[in-house]
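Report on one structure; see the data block that follows.
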Amino acid sequence: MSLESELQKELSSRKAINRYRSRRVALSPSGVRMRVEGETKELIAFCSNDYLGLAQHPKVIEAFTQAARHYGVGSGASHLVNGHSQEHHQLEEELAAFTGRPRALLFSTGYMANMGVINGLLGRGDAVFQDKLNHASLLDGGLISGAKFHRFRHNDCEHLNTQLEKSTAARKLIVVDGVFSMDGDAANLNQLAASAKKHNAWLMVDDAHGFGCMGENGKGVVDACGLTLDDVPILMGTLGKAFGTFGAFVAGSETLIEALIQLARTYVYTTALPPAVAAATRASLHLLETEHWRREKLNALIQQFRGGCEALNLQLMPSQSPIQPIVLGEDAVALNVSKKMAERGFWITAIRPPTVPEGTARLRITLSAEHSEQDVEQLLNALAEVMREVSGELQSE
């Protein structure tokens, strides 16, 4: 059978079950208010990961512009050839200081960081233990590593302990999201750290959604839990969310970072981030550490939204993060609600399996410090109207 016919069959199958994904073309910069191709009016976006609203900050843009004038657009090669600029190096040092760790290492994307770390540290004869709701990049890293792959029930440390007790692997790595990207809840890091120590395992935390939003000065979930390098030897963070730029990093000991420079194939065999992105991230890191009002405002908006949903009897997940999903169940219902919200001026993406478990399609609502109280109030009013309308449609079927 030809490639074309096989792929057409796959695409048709996805369309038939409401799993076909498509892109929308933005006509304006990423922000709270966006113009989108096919829409006659501006949409208020409640689906971005720009949690602190730094992506369009004038100081971040200026840092990027100045560095681009000096370094040009591309880095030219990998970090180990001639692509490692002073901007990269200084950003790594500043991220290490920010996380309170001896060293940090930049990666081009969060996906590459997770793949590189897990594959660099594990192989045949080892074992990796992952929360069932971990991000795809963590799961893929574990599957490709060749290590024995275990998945424990979400935030269930007893289940994890049972798996660890049975393992005879030479190296054992526990891997979790700090804040789970689709549910918005946090990992039980204190219990996980205790389990790791008890069973002589290593703990890796992907705090992509915690950095900037949680902990003292936005230092993340690990910091919020009072854990140290000894508890969490491998800490990963992304730069494309609260930092508002692009890329990722891993922070840890001198030995860990030197080992990853040698062993992480996704670091060794790829072009370095543009120096201008590193310069912009240095500016956003400074803002993240000094403009505390952004986190304070974001947290106030989160509480406003959760209180409003409670008043409307809309059930939310147990999340205190900017990620506030409303689980709707069926894929078609989630798509319908997303469409109706767009008609009322809101851009909220419907998230469907396999990104989330079967039967848990949802609106993944995310809040930003750039939103206003009025934006959230308008969102709640629109949700109330749409949910009444959809409920009536379902009852009449």
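We number each residue from 1, going along the chain as drawn.
Glycine is treated like the rest: Cβ placed from N, Cα and C.
Record check: Swiss-Prot places GLY110, TYR111, SER181, HIS209 at the pyridoxal 5'-phosphate site, and the matching candidate among THR162, THR168, THR228, THR238 is THR238. Per Swiss-Prot, the candidate among THR281, THR290, THR355 that belongs to the substrate site alongside ARG21, HIS135 is THR355. Among the record's substrate binders, ARG21, HIS135, THR355, no two C-alpha atoms are more than 18 Å apart, and one pair sits at exactly that spread. Here the Cβ of THR355 (substrate binding site) has 16 other Cβ atoms within 10 Å, regardless of which shown protein chain they belong to.
Listed binding-site residues: ARG21, GLY110, THR238. The one with the lowest count of other Cβ atoms within 10 Å of its Cβ is ARG21. For SER181 (pyridoxal 5'-phosphate binding site), the same-chain residues that are 6 or more apart in sequence and have a Cβ closer than 8 Å to its Cβ are HIS135, ALA208, HIS209, ILE323.
Sparsest Cβ environment among the recorded positions TYR111, HIS209, LYS241 (other Cβ atoms counted within 10 Å): TYR111. In this structure, the CA atom of LYS241 (N6-(pyridoxal phosphate)lysine) is 13 Å away from the CA atom of TYR111 (pyridoxal 5'-phosphate binding site). Neighbours of the pyridoxal 5'-phosphate site: apart from GLY110, TYR111, SER181, HIS209, THR238, residues of the same chain with C-beta atoms within 8 angstroms of the site's C-beta centroid are HIS135, SER137, ASP206, ALA208, GLY240, LYS241, ALA248.
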